[in-house]
Amino acid sequence: MRYKSVLLKVSGEALMGAQGFGIDVAVADRIAADIRQVRELGVKISVVIGGGNIFRGVAVASKGGDRVTGDHMGMLATVINALALRTSLTKIGVDAIVLSAIAMPEICESFSQRAALAHAQAGRVVIFAGGTGNPFFTTDSAAALRAAEMGVEALFKGTQVDGIYSADPKIHPDAERYETLTHDEILRKGLAVMDIAAVALARENHIPIVVFSIHEGGEFARIISGQGRATIVSD
Ligand SMILES: Nc1ncnc2c1ncn2[C@@H]1O[C@H](COP(=O)(O)OP(=O)(O)O)[C@@H](O)[C@H]1O
Ligand SMILES: O=c1ccn([C@@H]2O[C@H](COP(=O)(O)OP(=O)(O)O)[C@@H](O)[C@H]2O)c(=O)[nH]1
């Protein structure tokens, strides 16, 4: 096994499936099954979940609304997604817990590094909700931050595309796909698959980033086992 402990960033958009908004339970169930498969390989997993399927702060700001309020709404969206993923995991017998960066004790536990490490040690899949808890950040940055706090061996970004390309492959179908890159190359070439703050934080903490398609069932386990299709970023 290439890694023994990883953090998986699940894009909010992935959860909406073909319906274009919200949560497709069948997709959440499939992602949960992928997580269970990797867990069965003996890998410790924690998860940061996005919120873009429900709300993005920039969408409010671009229509003349207040960015900070928009970001608060976006962070709340990640909590909704985290609860859905926990439900899907619990249903298939995987013990999972949601820790939120924004306190909402009636709904889930609040994040602390201590609690997160204790739950992981107890064998639970820890789902981090609420992003970093601060506006003007993204859940990619939250993923790099939690990856550093959990001391994992790699940050897996499960997204809409199967790796990092020389340009956005959705806009430029002829873009070249990279097998490997360094953090520096992503920043230097301005590759937009992950935000700059997230890549810089991962670089500083020497955390490899693995970008792969979350839409391919079983791909997470294949990559962990050294197969599959992904771009691996390391220093
Ligand atoms: N150089 C690039 N390589 C790969 N994907 C890119 C690149 N530039 C832009 N993208 C786009 O970035 C998207 C992933 O970023 P983002 O929308 O933040 O995803 P997520 O919702 O998974 O966090 C991909 O769906 C892809 O269309
Ligand atoms: O630390 C964070 C993480 C997220 N957000 C807000 O939550 C939204 C949803 O997160 P993101 O866009 O990262 O989700 P994804 O792209 O993974 O679906 C963002 O647009 C921001 O408005 C935020 O304010 N701070």
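Heads up, the Cβ atoms here are built off N, Cα and C, so glycines get one too.
Copied over from TrEMBL, here are the features:
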type: DOMAIN; residues: 6-213; note: domain 'Aspartate/glutamate/uridylate kinase'
type: BINDING; residues: Lys9, Val10, Ser11, Gly12, Gly52, Arg56, Thr159, Gln160, Tyr165, Asp168; note: ATP binding site
type: REGION; residues: 17-22; note: region 'Involved in allosteric activation by GTP'
type: BINDING; residues: Gly51, Asp71, Thr132, Gly133, Asn134, Pro135, Phe136, Phe137, Thr138, Thr139; note: UMP binding site
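Over all protein chains present, the Cβ of Thr159 (ATP binding site) has 22 other Cβ atoms lying within 10 Å.
Within its own chain, the region 'Involved in allosteric activation by GTP' (17-22) is flanked in space by residues 53-54, which lie at least six positions past its ends and keep a Cβ under 8 Å from the stretch.
Each of Gly57, Gly74, Met75, Gly131, Ser141, Ala142 belongs to the same chain as Gly51, Asp71, Thr132, Gly133, Asn134, Pro135, Phe136, Phe137, Thr138, Thr139, is absent from that list, and has a C-beta within 8 angstroms of the C-beta centroid marking the UMP site. The DSSP breakdown of the region 'Involved in allosteric activation by GTP' (17-22) into helical (H, G, I), extended (E, B) and coil residues amounts to 3 helix, 0 strand, 3 coil. The average pLDDT for the domain 'Aspartate/glutamate/uridylate kinase' (6-213) in the predicted structure is 96.
Note: the CA-CA distance between Thr138 (UMP binding site) and Lys9 (ATP binding site) rounds to 11 Å. Within the set of binding-site residues Lys9, Thr159, Tyr165, no residue has a CB atom less than 6 Å from any atom of ligand 2. In space, Gly51 is the closest of the binding-site residues Gly51, Thr132, Asn134 to Ser11 (ATP binding site), judged by Cα positions. Among the binding-site residues Lys9, Ser11, Gly52, the ones whose Cβ sits under 6 Å from an atom of ligand 1 are, in sequence order, Ser11, Gly52. Take the CB of Phe136 (UMP binding site) and look out to 10 A: across all protein chains shown you find 12 other CB atoms. Under the three-state DSSP scheme, Gly51 (UMP binding site) falls in the coil class.
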